[in-house]
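Marked as transmembrane segment by TrEMBL: 6-22, 29-48, 54-76, 117-138, 169-194, 273-297, 303-322, 334-352. Feature annotation from TrEMBL assigns domain 'Wax synthase' to 224-314.
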Amino acid sequence: MLDRLGVFISCAIPSLLFYILTRRPDANPSNVILSAIVVLQLLIPLAFNGGGEMLDMAVVAFFSCYASFGMVRYMADDEQRVEPFYKVLGRWNDRKKEGEQSQVRHNKEIPAIRKDAIGWLSHALLIVIVSVPIMAFLDGFLRMCIEPLDVPYMTLLLTAPHQIPPKTLIYYTIAGTAFLMHVVFVPSFIQLGYSIELLIRSVMGSQETLRKRYDVVHAYVHSPPLFDRPWLSTSIHELWSRRWHQILRWAFEDIVYTPICQAFPQYPDLGRILGTMAVFAISGFLHDYLLMAMFGYQEYMNQPGIAGFQTLFFLLQGMATLISRRSSIGLPIWLARTLTYLYILYTAPLFIEPFLHIGLHRDAEMPGYPRFFDPHMDSVCPYGSRPFV
């Protein structure tokens, strides 16, 4: 327990130091010092060399990336018109419409707050209940089904894409869905916790604190969904620019895309192409960084089927985003969606396979969920199942 606590504390130290140096409006610390803090923030998760719990390392590595983006964004604004970097932690899904207020104060009475909290609690509880059989099946698939790792997927894709076995694509489709659903259900658990908190505060605590927390929870509940029905995408461009989660959109736009576009005022198309590819390259590096932190940099570099696969996946998505931005216009919706599905179907295994090599699918399960599907998975496993113990 102390080892796990040490991982989280050590990774929080650089961001805390950055906050101390920049919290005053008149603060003017050296960018050299701030840059060193950013580098330190990114190096600390790697220094453990995969020695911590895999999911713990994933959390601290993502936090390090997220906080580092906020630090760099703060440093890049010479006039420091942006909010302090630590406030980026609340920008989990930046889909605000133009003119939309970021904060709205409500002055509801306690009975009205309690009524809303009960409604939000019921909604979140329903989703959690529905998630039980879904995740029991998907996690059972990850635990029990044998992986198609005899031949690296990149080899199949580059040498004979038309000969990729359908059951390989079926396996990766279900496995990818399982990994994705772990993220999809997280907001409902957060809403569940928020709702319980409001109900407790409505019974005990000050009314002013209750109303402040209500404002926070109300804003969260009414935020756009994390994923905007990605299955309706009619192009790769639409999938990544609008329907997939926008957790890091603010960072990619402010730090990567916009500066590159501004560097080519005479050639806007070139700036857009380079900016788009740079965003997808950074996204790929970020995901490979997470793998390195989770698995350890030595194993990451030495074991085949891991290093660079996710960066390649995102570079392919960047190319398809540029091509499909205009080429999908005028196509029948059914055809555009079919082409989008096929492209994701054939490229997504590049993203998923590294997770299988590091064994994440053995640990990625919803805590406390039942395993009643595990003994019966053999009939749905494309390559057979492991013995049930």
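Using N, Cα and C of the backbone, Cβ positions are placed for all residues, glycine too.
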Next on the checklist: How about long-range neighbours of the transmembrane segment (303-322): same chain, 6 or more residues beyond its ends, C-beta under 8 Å?
Outcome noted: 149, 152-154, 236-237, 240-241, 273, 276-277, 279-281, 283-285, 287-288, 291, 295, 343, 347-348, 350-351, 353-354, 357-358
Item to check | Overall pLDDT for the domain 'Wax synthase' (224-314), taken as the rounded mean | outcome: 91
Item to check | Whether the transmembrane segment (6-22) meets the transmembrane segment (334-352): three or more C-beta pairs under 8 angstroms | outcome: no
Item to check | seg_contact(the transmembrane segment (169-194), the transmembrane segment (334-352)) with at least 3 CB pairs under 8 angstroms, min sep 6 | outcome: yes
Checklist outcome for this item: Highest Cβ pair tally under 8 Å against the transmembrane segment (273-297), stretches 29-48, 54-76, 117-138, 334-352, lands on 54-76
Checklist entry - Given pairs 6 or more apart, does the transmembrane segment (54-76) have at least three Cβ pairs under 8 Å with the transmembrane segment (29-48)? => result yes
Checklist entry - Per DSSP, what is the residue tally for the domain 'Wax synthase' (224-314) in helix, strand and coil? => result 65 helix, 0 strand, 26 coil
